[in-house]
């Protein structure tokens with residue numbers, strides 16, 4: 001156990017991080033700085049301040065930040081420019097919040113002269129990796145304390161006992177067995193893992209879902225929504241310009257109302273195991289569809305295909321915690337470059353779990369040319385005879401091979 | 001115009017290919033062999049025989065084949081093993097049927113001693129490429145007649161006039177302006193293009209859709225369905241073993257009933273233009289979700305990611321008509337190899353346009369290990385301390401760079 | 001044959017393009033503008049002017065440009081930033097010159113009010129594609145005349161007869177059968193194709209090679225050379241700062257002297273055939289080695305691997321003529337971004353065909369950290385125990401699979 | 001320190017692994033099984049037996065295997081089918097031997113009832129990863145003892161002191177400071193790392209190199225060599241059929257004689273650091289050139305490009321120790337599939353460090369078609385007019401974009 005003078009703790013105010021706070025003070029005899037962020041998770045943050053004060057944290061060592069705008073503008077939207085999906089389905093709601101938290105932890109450590117950071121992520125998950133890769137990339141000499149990998153409080157009972165012994169308040173729900181799920185929320189999504197979900201055969205219980213109604217319970221009436229894009233980012237809903245995080249919040253409201261964005265999957269963690277997770281990403285689900293639609297008319301084919309080819313790699317980088325890596329940044333430069341002309345609007349229809357694209361246009365940048373694509377007479381815009389040569393030369397290598405008797409078994 | 005002795009025509013029995021039939025006889029003075037295939041498009045084929053006879057085709061030159069089983073088993077299912085999607089959304093329903101037709105055209109040409117084939121695809125689309133690349137790959141000296149690239153019947157009126165002058169029967173719908181869409185159907189999907197759809201701003205009319213009810217009109221009651229997989233292919237529904245094409249037909253019925261599988265998009269054609277298309281792929285939409293789900297518990301992470309990385313390329317090969325190319329075959333060998341252990345079942349819930357995975361298991365091949373993934377005490381199955389070293393070494397290159405003062409701008 | 005008013009011809013002054021010049025005047029009755037470029041091919045350009053005048057070209061329609069600096073700075077060096085090699089070996093010496101010529105043809109067409117361009121590339125090769133894709137991308141309505149695809153002068157005799165009939169001077173070498181090879185040269189390379197090389201079994205004749213001595217004839221003494229890099233481009237040789245094209249010229253001199261950069265291969269053309277080519281790229285061969293060496297100490301591992309993964313695609317784009325495409329530009333943005341810290345020097349030893357890296361360093365940007373890499377005691381810079389966890393977690397998925405009895409056949 | 005009953009040690013007979021042997025006996029009180037392999041490193045193996053006996057190893061616990069044939073046939077040649085090169089230059093000579101050693105360690109552990117394996121690789125290098133990933137993949141419950149990560153003998157003096165105290169014979173060279181390099185050898189290469197090489201600025205000393213003469217000292221006379229290929233593997237030299245390992249041995253002899261295959265580079269280790277290494281791979285350097293040459297005439301373009309695109313990933317898998325992973329096997333299936341028609345011969349000229357391809361042919365499988373590629377009259381084999389349509393349609397998307405005024409910045 002190395003010497004630590006001051007540690008910045010990612011502090012939610014909940015039981016686990018309160019135990020960590022006390023445990024850090026006890027085991028490292030170090031000054032603790034708490035950092036609590038509003039990423040749109042929909043929880044009061046001020047209670048975290050009073051709790052921290054109660055644990056003896058100095059007022060100047062308590063940081064409570066509203067990061068919603070930065071989160072959506074600089075992390076969520078850049079990621080959506082790439083139509084990013086991990087393993088075909090997961091919209092990376094947790095993954096994309098971690099690098100911002102890592103950055104703020106290091107910023108605050110630098111500001112307060114701390115030599116360490118600490119977090120409440122377990123040793124089995126991806127979040128420890130995301131926090132720590134980010135922190136090391138931003139400040140290579142930082143010390144990191146991950147109590148779940150160090151202490152012996154690995155069962156819930158031990159944790160509760162420790163809390164009791166140290167005067168940490170325990171809410172009734174914890175005494176009654178705690179949440180049946182491990183949850184994480186921010187403006188992009190809420191996630192559920194563990195416990196009741198550990199059997200991938202079994203359907204998730206309806207009462208688990210918090211942000212969306214079920215498709216069955218959603219309105220019987222569809223709702224149309226126009227999304228305006230500039231440089232690949234949504235900038236207005238139904239004609240109303242809004243800040244990035246307000247757009248996402250409003251999309252979450254609409255998606256949640258219409259039962260959109262539930263996902264139940266088994267994913268592959270970076271640490272090597274398969275894990276079952278359930279996610280609600282109402283706004284993100286709408287954005288994924290809409291962004292592909294605006295790109296479909298404004299992006300060159302080969303650029304779109306290049307992006308599709310690179311997307312799984314980019315998604316894995318974010319999932320695995322490499323947001324602050326040079327390779328993620330190199331890919332981002334390419335992705336952002338491609339979005340210059342991704343301007344226009346998309347109309348989607350929201351109905352009982354469905355996001356249906358029903359129209360798209362770009363006054364300035366559409367590459368859709370109906371005079372060429374038409375099935376009717378095109379007045380010579382396209383010479384059908386050209387296709388014969390096109391096919392002949394594309395076939396040439398296969399024809400030569402076939403003539404030579406080479407069968408491609 | 002080269003000398004042709006005998007040409008095999010892909011013949012639907014409809015107006016366009018009937019005009020082509022006559023035009024071939026008139027312009028090439030060649031013997032015509034007709035080939036009509038049942039790919040599950042849901043149309044009577046026998047009328048094609050009587051029409052062909054009426055145009056003077058010899059009985060031994062009329063081929064009507066039921067290719068449904070071969071189509072689904074050897075083309076559709078192999079493609080779904082790769083979770084194949086073109087440009088993020090299109091399930092390649094038309095693309096995957098073309099190589100089988102090309103193969104049969106060449107088989108019949110070889111069998112009847114024909115030196116040419118002919119088809120009714122236009123010079124603007126992908127289908128001409130798919131037919132012809134396949135044909136050239138399978139028989140490099142074949143001559144190909146693509147009347148739409150040769151003749152002057154480029155408007156509908158000219159075509160009707162020609163039909164009238166040559167005694168080709170014209171149904172009332174053609175006189176009344178013809179279908180408002182260009183359509184293509186087989187067991188995997190039905191597609192709509194052109195005319196009323198040429199404005200990507202405008203929503204498709206509800207009456208266009210033929211295979212699915214709208215989500216709004218679908219039953220208010222969800223339906224659960226169990227799909228059993230062997231080596232990556234579905235083999236049973238709700239416990240009942242079925243032939244490949246019967247499975248797809250039944251999935252189409254169920255999907256259609258529940259409003260599943262509609263798609264409206266703008267895609268990039270191989271010949272270089274953007275094109276708006278609408279598709280109904282009810283069974284395929286279910287299969288894509290279900291296959292990903294069975295893979296999620298039976299496939300190794302890196303194998304799954306390798307497949308994801310290669311998928312867009314594989315999809316483009318099929319979209320562009322390279323099914324019979326050596327590179328598609330090389331990819332298929334890899335894909336098929338990965339499916340050996342993709343065995344088990346998936347439960348999906350079908351409801352008003354939604355396909356929701358609600359359970360998955362593999363008695364023999366699951367790689368999901370709840371003893372390791374658990375949030376509870378794992379009795380030592382996983383040592384959380386290992387994660388520290390894992391993170392430290394993965395971070396090393398970034399730490400060295402940061403220490404050296406290199407900022408990855 | 002469409003109506004042409006004025007055509008800009010890529011004119012070398014040689015027999016073939018002189019015939020084309022006359023043929024254009026005769027067949028299109030159009031005004032001809034000649035464009036002759038110095039790309040470092042090592043030929044006098046002024047004779048092209050007098051010949052053009054003799055064929056009746058107006059003085060203001062004769063363009064002779066020294067493009068050497070632009071060629072190396074804006075085309076060759078950007079390409080070398082990616083360590084670009086086509087099919088494992090070809091350094092793309094011809095390919096990279098074509099987009100610049102295409103650009104100048106269009107610039108001159110715009111400047112002179114021409115509606116067409118014309119070139120002397122045949123219908124079998126890659127160069128026609130490179131010229132024309134570039135031209136279309138830069139000016140979509142340009143008309144292109146490719147006489148080799150149009151005329152009937154397809155044999156050498158016919159061409160000579162035409163020249164004689166039209167008073168085009170024929171040098172003795174043409175009367176004696178012409179060059180035994182088709183050649184192309186610029187500052188990056190000289191290429192040989194066709195005729196004597198059409199049998200890939202047979203070794204090229206020693207007298208073919210023009211820029212390099214044979215390794216056997218090279219000096220018995222090795223020569224060391226220091227190359228300084230800034231942002232991925234060479235900027236100085238042996239401490240002497242030089243302009244881009246002077247660096248390449250000097251590297252050509254040194255490489256040629258030491259028998260460096262000969263290549264004999266069979267490549268795959270974009271138009272679908274295999275072709276045998278011989279190339280001399282003395283300077284480029286040195287640069288490829290040296291650039292990899294400077295990157296080896298200044299580039300992050302994953303960034304380097306990302307570049308390696310993308311390189312074949314980037315190389316194919318250039319080979320196939322897509323320099324002016326949006327996808328090449330998107331890749332270039334990524335590549336250029338990665339070169340910010342590629343600063344330092346490389347020492348190479350040149351000896352009888354060999355380019356041997358014998359040292360490399362970067363005072364400002366080296367990521368090589370000998371305190372960590374050392375086999376000696378590292379004073380705690382690296383904790384070897386971290387490796388155990390690193391390996392354990394990387395192995396986890398394979399261990400789970402093996403435990404489950406899954407054998408990855 | 002866990003309980004170990006019996007451990008299989010990868011034992012060279014040298015000082016380091018002799019110390020490990022004794023240390024295992026002392027610290028784990030376990031029975032030790034020694035495994036010594038002939039991979040063509042060119043050392044006597046029998047001394048390892050007598051040393052092992054002296055340390056009290058039971059005769060039935062001493063394994064000395066000649067693995068040369070298996071090594072080259074099942075590891076080296078499959079890897080060369082992919083033209084495998086790590087980071088553009090390294091031929092993976094060390095990496096490819098490790099999985100075979102891992103496999104034999106596990107085989108012997110299974111055979112002798114051992115519960116652990118042990119090796120002498122340090123905690124900083126790649127070899128520990130390669131040994132251990134392989135071992136875990138093949139036997140997930142194996143215990144692994146990596147003394148360099150556990151013990152305190154991290155300096156050379158401590159090691160020598162320990163050896164002295166435990167009666168382990170120390171050769172004079174060790175007393176005199178030991179080798180100036182860390183070396184590893186097998187039939188594919190010999191490698192040098194560490195100590196004198198730790199400064200990447202400094203040229204390696206001439207006396208370091210052991211397998212090759214310097215180009216300067218190589219014969220003044222070139223030597224031609226014919227290599228025959230079957231299914232992508234070399235099977236005969238100058239017409240003489242030979243076993244796989246005899247071919248590689250003979251190529252090493254020839255390459256070494258002609259100064260071929262030296263390499264000096266800085267590479268990126270999997271554990272996160274840059275490392276300078278020197279390698280001699282005489283036979284492998286010849287094979288890489290020759291294999292590309294035989295593929296150049298027998299492989300379809302797109303298949304070759306697919307292989308090129310996948311190669312860096314395949315190389316990284318081998319470099320990083322994932323030979324026994326399912327993803328490497330999936331790639332291998334694809335690679336092997338492509339080699340079916342890679343049959344024929346290649347002629348190379350060996351001269352003072354150069355490997356020059358001077359001819360290649362395949363009587364059965366050449367796809368080179370001189371009647372099409374010819375610059376002369378081709379009697380209609382290729383219609384140059386086809387190129388116009390080919391170019392027009394490939395340009396279409398760029399023309400549409402340019403017309404729409406979209407500039408691809």
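Each Cβ is built from the backbone N, Cα and C atoms, and glycine gets one as well.
Here the domain 'Arginosuccinate synthase-like N-terminal' (B:6-169) returns a mean pLDDT of 96 for the predicted model. Summarising the annotation, TrEMBL assigns domain 'Arginosuccinate synthase-like N-terminal' to B:6-169.
Around the Cβ of residue B:120 (ATP binding site), 22 further Cβ atoms fall within 10 Å across all displayed protein chains. According to TrEMBL, the feature ATP binding site maps to B:10, B:11, B:12, B:13, B:14, B:15, B:16, B:17, B:18, B:37, B:120.
Residues or ranges marked as L-citrulline binding site in TrEMBL: B:90, B:95, B:126, B:130, B:182, B:191, B:267, B:279. Summarising the environment of residue B:126 (L-citrulline binding site), the number of other Cβ atoms within 10 Å of its Cβ, over all protein chains shown, is 19. According to DSSP, residue B:126 (L-citrulline binding site) is assigned to coil rather than to any helix or strand.
The 10 Å shell around the Cβ of residue B:127 (L-aspartate binding site) contains 21 further Cβ atoms across the protein chains shown. What TrEMBL lists as L-aspartate binding site is B:122, B:126, B:127.
Under the heading domain 'Arginosuccinate synthase C-terminal', TrEMBL lists B:181-400.
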Among all protein chains shown, how many Cβ atoms are found within 10 Å of the Cβ of residue B:130 (L-citrulline binding site), not counting that one? 29
Tell me whether residue B:95 (L-citrulline binding site) sits in a helix, a strand or coil according to DSSP. coil
For the C-alpha pair, I'd like the distance in angstrom between residue B:95 (L-citrulline binding site) and residue B:14 (ATP binding site), rounded off. 21
Cα separation, residue B:126 (L-citrulline binding site) to residue B:16 (ATP binding site) (Å, whole number): 18
What does DSSP call residue B:14 (ATP binding site) in the simple three-state scheme? coil
Between the C-alpha atoms of residue B:18 (ATP binding site) and residue B:267 (L-citrulline binding site), the distance in angstrom, to the nearest integer, is 30
List the other residues in this chain whose Cβ sits within 8 Å of the Cβ centroid of the L-aspartate site residues B:122, B:126, B:127, in sequence order. B:121, B:124, B:125, B:128, B:129, B:130
Rounded inter-Cα distance in Å - residue B:14 (ATP binding site), residue B:127 (L-aspartate binding site): 17
Name the residue among the binding-site residues B:16, B:267 whose Cβ has the smallest number of other Cβ atoms within 10 Å. B:16
Length of the line joining the Cα atoms of residue B:279 (L-citrulline binding site) and residue B:127 (L-aspartate binding site), in Å: 16
Are there binding-site residues in B:10, B:122, B:127, B:182, B:267 whose CB lies under 8 Å from a CB of chain A, and which ones? B:122, B:182, B:267
Quick one: pull the CA-CA distance for residue B:130 (L-citrulline binding site) versus residue B:120 (ATP binding site), whole Å only. 12
Please tell me which one of the binding-site residues listed here (B:10, B:12, B:120, B:122, B:127) sits closest to residue B:90 (L-citrulline binding site), measuring Cα to Cα? B:127
Record-annotated L-citrulline contacts B:90, B:95, B:126, B:130, B:182, B:191, B:267, B:279; largest Cα to Cα distance in whole Å is 19
Identify, in sequence order, the residues in the chain of residue B:182 (L-citrulline binding site) that are 6 or more apart from it along the sequence and have a CB within less than 8 Å of its CB; answer 'none' if there are none. B:192, B:193, B:194, B:195
